[in-house]
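Features of the protein shown, as given by TrEMBL:
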- 28-156: domain 'Alcohol dehydrogenase-like N-terminal' (DOMAIN)
- 198-327: domain 'Alcohol dehydrogenase-like C-terminal' (DOMAIN)
Amino acid sequence: VIKCKAAVAWETGKPLSIEEVEVAPPKAHEVRIKIVATALCHTDAYTLSGADPEGCFPVILGHEGAGIVESVGEGVTKVKPGDTVIPLYIPQCGECKFCKNPKTNLCQKIRVTQGKGLMPDGTSRFTCKGKQIYHFMGTSTFSEYTVVADISVAKIDAAAPLDKVCLLGCGISTGYGAAVNTAKVEPGSTCAVFGLGGVGLAAIMGCKAAGASRIIGIDINKNTYAKAKEFGAAECISPQDFEKPIQEVLVEMTDGGVDYSFECVGNVGVMRAALEACHKGWGVSVIVGVAAAGQEISTRPFQLVTGRTWKGTAFGGWKSVDNVPKLVTEYMSKKIKVDEFVTHTLPFDRINEAFDLMHGGK
């Protein structure tokens, strides 16, 4: 058993608490990882807020991390101690019908236990002050050591800077893949990206990489505009600057609507606007953001009857074990940006300040 520091969420709506936790050794087909760097994602804040129906407490959150394999359980063959890895919240077992189908990346092998905050055998590897602590998204990267299933780990280039490539564990891969995999943006197309946080910037990067000729960024926080333009947005607008709904503004700006739109906020009203901003006959809108529990999307069926397509994506459609190492290689060869997404670097014990910066749009 390893004793180490972790940021424990004891209950909803309270700051994380830095505690000493015990991390049990990995069982069969499990891997224990020394986490070197972790990033924050709005999904961590969403669960902490109490809005997540699958939220279990007390829990160690975090799902964008990178580290070094410390030890492996029986039967683990893909990685060994000393390997550099990124933990994966969507695993890839290679055996289930989802993994065998090229149309999806949603491996279901450990979905049920992962959703309950437990390892595949139905137990936890974390304890603190004599209490069992739940796992989060199969990764729990807000701990100096974590244990994950062996199908939830991608071995990456040992030379990669872990404080950067940890972002490929969720946000960047998700936004980038939404454009190149899910929407399949075509050269010369017009795109609109709603929400210019990390995921939205990555969607812009994906649209640009796919050859889009015009990318419009939409956000009420104008501090995000300069960064969005650096990533490839031609112009940025705020819905608050117009009398009419933003979808009408975009339809007018683009002679009938955009070819592709991306909702990177997690707001059902914005999801509707993103669909309705699409061009009649061929427009495709991709939902990337996660809305709160119980919320529903709506639009007039006529929007779809007249040729628009509504899609969704998880982790950008990447089959994780196969593609995360390739994304790291693309970053190392300067084909995709990663460094530019990092705004602040803080020591682990100041993690609550990092959440404040995220909520402040900084």
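Going from the start of the chain as shown, residues are counted 1 onward.
Backbone N, Cα and C atoms are what each Cβ position is placed from, and that goes for glycine too.
On a predicted model such as this, the values are computed, not experimentally measured, just so you know.
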- Using DSSP, what's the helix, strand and coil tally for the domain 'Alcohol dehydrogenase-like N-terminal' (28-156)? 20 helix, 41 strand, 68 coil
- Item | Residue counts (helix, strand, coil, in that order) that DSSP gives for the domain 'Alcohol dehydrogenase-like C-terminal' (198-327) | 58 helix, 22 strand, 50 coil
- Looking only at the domain 'Alcohol dehydrogenase-like N-terminal' (28-156), what is the mean pLDDT? 97
